[in-house]
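S.K.: According to TrEMBL:
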type	residues	note
ACT_SITE	H114	active site, proton acceptor
BINDING	E53, I116, N167, D168, N223, D268, N269	Ca(2+) 1 binding site
BINDING	D54	Ca(2+) 2 binding site
DISULFID	C42-C352	disulfide bond
CARBOHYD	N269	N-linked glycosylation site
CARBOHYD	N323	N-linked glycosylation site
SIGNAL	1-17	signal peptide
Amino acid sequence: MGKLLAVALVGIAAALAAERLMAFRNRLNASREIAPVTLPNCRLIKGIETGSEDIDILPNGLAFISSGLKYPGIKSLAPDKPGEIFLMDLNEDNPRAVELRISRGFDMASFNPHGISTYVDRDDTVYLFVVNHPHQKTTVELFKFVEDDSSLVHLKTFRHELLTSVNDIVAMGPDSFYATNDHYFSDFILMFLEMFLGLTWSNVVYYSPKEVKEVAAGFYSANGINISPDRKYIYVADVFDHNVHVMEKHANWNLTHVKTLQLDTLVDNLSIDPHTGDIWIGCHPNGMKLFYNDPENLPASEVLRIQNILSEEPVVTRVYADNGSVLQGSSVASVYEGKLLIGTVFHRALYCEL
């Protein structure tokens with residue numbers, strides 16, 4: 001009887017492990033291959049060699065680019081090199097990336113930038129919020145942009161027990177923001193188990209000097225976050241559930257679910273066209289390739305454009321797709337006046353004229 005019970009338990013455990021493995025592969029889109037979608041006027045951006053994970057463009061065409069992310073389980077082309085913030089002026093005929101100097105006193109050696117967001121104050125001061133992972137921990141760094149000096153002045157570091165594994169942020173004021181925690185755990189092994197078991201413990205947090213609180217939960221892995229041009233709705237990408245959530249923002253900063261748009265790709269960062277309200281998304285067609293990074297089977301890139309997401313029939317367009325031969329692991333796509341920037345987790349960045 002004891003042996004029979006042991007065999008039964010082993011069989012049950014094996015069946016559960018097999019089911020979890022299949023679900024894990026499905027969340028990673030492990031079998032998906034993509035057909036290329038090319039754009040005619042594109043070039044790789046010189047000087048950006050180790051990632052361009054997030055991009056935020058000011059209304060005047062200045063684009064901030066975070067580079068050099070070291071993320072658990074994903075390849076880094078320069079693991080010992082500190083992260084950087086680049087600036088591009090998209091008003092120029094031939095825009096180039098310029099590294100911004102960061103003020104003394106900030107720990108550049110452990111700078112590991114992830115998601116970014118800008119906020120322009122009433123006096124036209126430009127603030128840049130940067131998710132940072134020094135020593136695999138999480139902080140949010142606040143900088144003031146000094147255009148004449150091409151520099152960033154470090155103002156403050158935000159830390160909180162609810163900001164455990166921040167992926168992306170969207171600024172609400174000079175010292176307030178929404179943030180996505182892409183995992184409940186920050187330890188790599190526990191993060192992997194969280195993904196493998198399909199736990200929906202990821203969330204969105206609102207941070208301000210007066211209060212810090214969870215405002216949305218139940219995500220596999222909340223990733224990119226942004227706000228509609230009318231500032232009424234917050235958009236959240238769940239990378240492992242392949243969807244974008246539309247959340248209504250309330251006066252007390254709480255969020256309520258409005259709708260979910262299901263897609264067939266791993267959605268990363270979200271950028272908003274301020275004129276049309278269209279959502280541009282850098283996506284990973286096959287997440288397994290991103291984690292394995294086999295030189296013979298490179299991680300692909302994909303850019304989606306979502307029009308009229310609040311309508312009953314949003315229009316989803318594949319604007320760009322590449323098998324990794326040009327661009328590997330796209331994470332963001334941002335537009336300004338007919339110009340498109342596509343960033344990646346660890347690879348290059350692409351500039352296109354639409």
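Keep in mind that glycine also has a Cβ here, set from the backbone N, Cα and C atoms.
Each of these features: where is it, how hidden is it, and who are its neighbours?
M.R.: Its Cβ taken as reference, H114 (active site, proton acceptor) is surrounded by 25 other Cβ atoms within 10 Å in the chains shown.
Counting every protein chain shown, the Cβ of I116 (Ca(2+) 1 binding site) has 25 other Cβ atoms within 10 Å.
All protein chains considered, the CB of D54 (Ca(2+) 2 binding site) has 30 other CB atoms within 10 Å.
In the shown protein chains, 20 other C-beta atoms lie within 10 A of the C-beta of C352 (disulfide bond).
Residue environment of N269 (Ca(2+) 1 binding site) contains 30 other Cβ atoms, counted within 10 Å of its Cβ in all protein chains.
The number of other CB atoms found within 10 A of the CB of N323 (N-linked glycosylation site), across every protein chain shown, is 19.
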S.K.: Determine which residues of this chain, when E53, I116, N167, D168, N223, D268, N269 are set aside, have a Cβ within 8 Å of the centroid of the Ca(2+) 1 site's Cβ atoms, and list them as they appear in the sequence.
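M.R.: Those within range, site residues removed, are D54, H114, G115, V131, T180, G224, I225, S331, V332.
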S.K.: Taking D168 (Ca(2+) 1 binding site) as the reference, which of C42, D54, H114, C352 (the recorded positions) have a CA within 10 A of its CA?
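M.R.: For D168 (Ca(2+) 1 binding site), the recorded positions whose Cα atoms are within 10 Å come to D54, H114.
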S.K.: Provide the number of Cβ atoms within 10 Å of the Cβ of C42 (disulfide bond), excluding the reference atom itself.
M.R.: 17
